[in-house]
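Structure record follows, encoded as structure tokens.
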Amino acid sequence: MIITVTGAAGQIGYALLFRIASGAMLGPEVPVSLRLLELPQALEAAEGVAMELDDCAFPLLRDIEITDDAAAAFDGANVALLVGSRPRAAGMERADLLSANGAIFAPQGRAINDNAADDVRVLVVGNPANTNALIASAHAPDVPAERFTAMTRLDHNRALAQLSGATGAPVSAISRLTIWGNHSSTQYPDLSHARIEGEPFEIDRGWVEQDFIPTVATRGAAIIAARGSSSAASAASAAVDHVHDWVLGTPVDDWTSAGVVSTGEYGVPAGLVSSFPVTSTGGRWTIVEGLEIDEFSRARIDASTAELAEERAAVEALGLLAPA
Ligand code: NAD
Ligand code: LMR
């Protein structure tokens, strides 16, 4: 399989590429060809990463190509991991950030449209991930919108870890947890349908509302405060999990969370790329339908969805959703 990674010389790239090449993402039987897209000034650093990949002598790694040309990078790509993006700088307004990222994700969407394999699956990691996915998809009219996804698996994994820590249940015993909405602090980590050892369980509402939800929703900022830079290894691990489950399927009786295009499920306006509970079979995400949504959950899903709608309106106003 041909795997394209953008921002390959960045800190997530450094954690991600070795996991992909080891077979963690697509399994121990699937050889991988890596295509690394970087900015011209980071090509030399990407060469260094490629030297280290060579030095691992991964049996599944067929070849590595490094380029600053998006058409070449996405040529024949089966999986595209869009990691490279413009971080928010001091004094930058949200519109500035959305506009800077539009300049990245619009041309990359076009390059995917024109060059990638017919079965291409796209995961956007670069922030603001949901809206960047929307922009890329808008510029790839020949690729079904459902193939553009945004990463909320890191939030899902963070929620699993928090619940495991609070209950003592191993992560492997927890199922049916959901992240709704945007990959931002408005996201809603939802335990209403969660199970431990396959059974519903009692949990203190005060802990859920005052501890669990804010801890998961602001974990990215807490990592930045502690590390001095944003999450990298955990983000890479979540990207591996997302693509692994998308291609190879989710476990029976469980679901995961992913930012996928809404067709109106749970009142989320159609066209928004929002996080939902999802299963995957046959290489396709399906939104889990029919879950009961109580008043508490409704308000939080609506708040995060409203933020996504605002982001969409902002990029629409900037002309970033109109294919050139
Ligand atoms: P980084 O700054 O270390 O690396 C980004 C890399 O992208 C750099 O090497 C840069 O040269 C490259 N780049 C920038 N524009 C590019 C373009 N147009 N084409 C190709 N490459 C380009 O950043 P990082 O820590 O690796 O994080 C990358 C992104 O992932 C950030 O936007 C970050 O906020 C986001 N992130 C998302 C999640 C999530 O859960 N969705 C989690 C962590 C980080
Ligand atoms: C994260 O969730 O760790 C990243 O999206 C970084 C951030 O800005 O929160």
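Glycine residues also receive a Cβ, built from the backbone N, Cα and C atoms like all the rest.
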Matching residue for the NAD(+) site, where TrEMBL names Gly7, Ala8, Ala9, Gly10, Gln11, Ile12, Gly13, Gln108, Val125, Gly126, Asn127 - out of Asn101, Asn115: Asn101
The domain 'Lactate/malate dehydrogenase N-terminal' (3-141) - residue tally per DSSP class, helix then strand then coil: 65 helix, 25 strand, 49 coil
Spatially closest candidate among Arg94, Arg158, His183, the listed recorded positions, to Gly126 (NAD(+) binding site) (Cα to Cα): His183
Spatial separation of Ala9 (NAD(+) binding site) from His183 (active site, proton acceptor) - C-alpha basis, Å: 23
Nearest recorded site to Gln11 (NAD(+) binding site) by CA-CA distance, among binding-site residues Arg94, Asn127, Arg158: Asn127
Candidates near ligand 2 among the binding-site residues Ala9, Gln11, Gly13, Asn127, judged by a Cβ under 6 angstroms: Asn127
Recorded positions listed as Arg94, Arg158, His183, least Cβ neighbours within 10 Å: Arg94
